[in-house]
Amino acid sequence: MKKAYPVINSVECKACERCIIACPRKVLQMSSKINERGYHYVEYRGEGCNGCGNCYYTCPEINAIEVHIERCEDGNTDG
């Protein structure tokens, strides 16, 4: 099975929460910490991402979130 996970740039995140709402697996949460721009930012809960990309596509900030999907040993991303 492929392992997917979001990578969040805490400096670029503006706490709009669109990614949290868009995530069907509810694996994102708002951090209690504040970034250098004065916003709380989104954090990954650590497991459960299915790699759907909803968070990436709904985020208005270009560099705030990416979804990484690890490749299998044969180089494919299908489990």
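Glycine is no exception: its Cβ is also placed from the backbone N, Cα and C atoms.
The annotation [4Fe-4S] cluster 1 binding site is assigned in Swiss-Prot to Cys13, Cys16, Cys19, Cys59. Mapped onto three states, the DSSP output places Cys16 ([4Fe-4S] cluster 1 binding site) in coil.
For Cys55 ([4Fe-4S] cluster 2 binding site), the count of additional Cβ atoms within 10 Å of its Cβ stands at 26 [all protein chains shown]. In the three-state DSSP scheme, Cys55 ([4Fe-4S] cluster 2 binding site) falls into the helix class. Sequence annotations record features per position, and here Swiss-Prot assigns [4Fe-4S] cluster 2 binding site to Cys23, Cys49, Cys52, Cys55.
What Swiss-Prot records for 4-33 is domain '4Fe-4S ferredoxin-type 1', and it gives sequence analysis as the kind of evidence.
Mean per-residue pLDDT, taken over the domain '4Fe-4S ferredoxin-type 2' (40-70), amounts to 97. Under the heading domain '4Fe-4S ferredoxin-type 2', Swiss-Prot lists 40-70, citing sequence analysis as support.
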Cys23, Cys49, Cys52, Cys55 excluded, remaining Cβ within 8 Å of their centroid ([4Fe-4S] cluster 2): Ala4, Pro6, Cys19, Ala22, Pro24, Arg25, Val27, Leu28, Asn50, Gly51, Gly53, Asn54, Tyr56, Val67
By Cα-Cα distance, the member of binding-site residues Cys23, Cys49, Cys52 nearest Cys59 ([4Fe-4S] cluster 1 binding site): Cys23
Same-chain residue ranges lying at least 6 outside the domain '4Fe-4S ferredoxin-type 2' (40-70) that approach it to Cβ under 8 Å: 2-10, 12-34, 77
Which binding-site residues sit within 10 Å of Cys55 ([4Fe-4S] cluster 2 binding site) - Cα, from Cys13, Cys16, Cys19: Cys19
